[in-house]
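One structure is given here, and the rest of the page talks about it.
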Amino acid sequence: MKHLIISEYGIYLGLESGRLVVKNKDDKKYFPLNRLATLSIAKKGVSFSSDLVEQFSLRGIKLFFLDFRGVAHSMLVGANQHAVVQARINQYRYIDRNALTLSIKLIAAKIKNQRATLNYFNKHHKSINLLNAIEELKRVAQLIKNAKTLNDVLGYEGYAANIYFSSLAKDKFLSASFANREGRGSQEIANSMLNFGYAILSSYILNAITNAGLEPYLGFLHQKRPGKMSLVLDLMEEYRAWVVDRVVIKLREQYKNKQYIDTKLKSILISEIQATIAKKYIYNGKKLKLEHIIQRQVYRLSGEFAGEHNYKPYIFKW
């Protein structure tokens, strides 16, 4: 299934002969609706027809609206795409009792995937600095199993992130101006690329959560507060390093001399992340697109909430 992102000003989205038509001043592009899973609007000045919205609703195609950072601020789904009540009841009950256990598993996997990302680049760029970071991350992934509270988990996560990003900064795998990790609102180019990439990843995670009927605002690790999709942030953790960080590192030559992330860079980053998510990886002995792995992982998490499955985070092989 296709996930389409509109990042140009002045685009019109309509319906022609049962297909989505994307129009600008110079040309038209057509996309069959039966191959479309989501459409994200990442630019102001985009218009669309009510006929198209009706077809999206009938077919279960989700329409996301992203802010300038690429973060979804609105989602339009059909009235028939209701939540699965029992799935959410299971989620509420489980998280109330088992938040710590699940958080430990998830952040241990995040650290292992950070380590896999460093190993991936160390294959071709032999570095003592990277090797030291790889060994320290291995140690932290074991230590986190001793965490007694959610604050302990967050402490291990923060320490591992510092080791990971410091090693990338020392060997200049990101921009020359990258010194440490900065969140939303950062003006530093590599951090801006990372932040936009994470926002794109979050729309895939949100889509998978919605398909499973879970509550995106009820997470187990990240703080619960109005407007914050805590479960989306939680489930992103195991994919951040491999899906986004690795892509941003590979694109370094495209942005190393730029001061800010422009429309062209955003388009390149979107395309590369989409290519990564469309790539096939081994999952339970079969080769599946990462998009499908993410969905299966969310269904498996829903199964753990119901007491039917044991959730195992996905670990990437380098």
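Here the Cβ of each residue, glycine as well, is placed from N, Cα and C on the backbone.
Marked as Mn(2+) binding site by Swiss-Prot: GLU157, HIS222, GLU237. Every protein chain considered, the tally of other Cβ atoms within 10 Å of the Cβ of HIS222 (Mn(2+) binding site) stands at 18.
Note: GLU237 (Mn(2+) binding site) has non-local neighbours LEU106, ILE107, ALA109, LYS110, LEU221, i.e. same-chain residues 6+ apart with C-beta under 8 A of its own C-beta. Around the Cβ of GLU157 (Mn(2+) binding site), a 10 Å sphere holds 21 further Cβ atoms from the protein chains shown.
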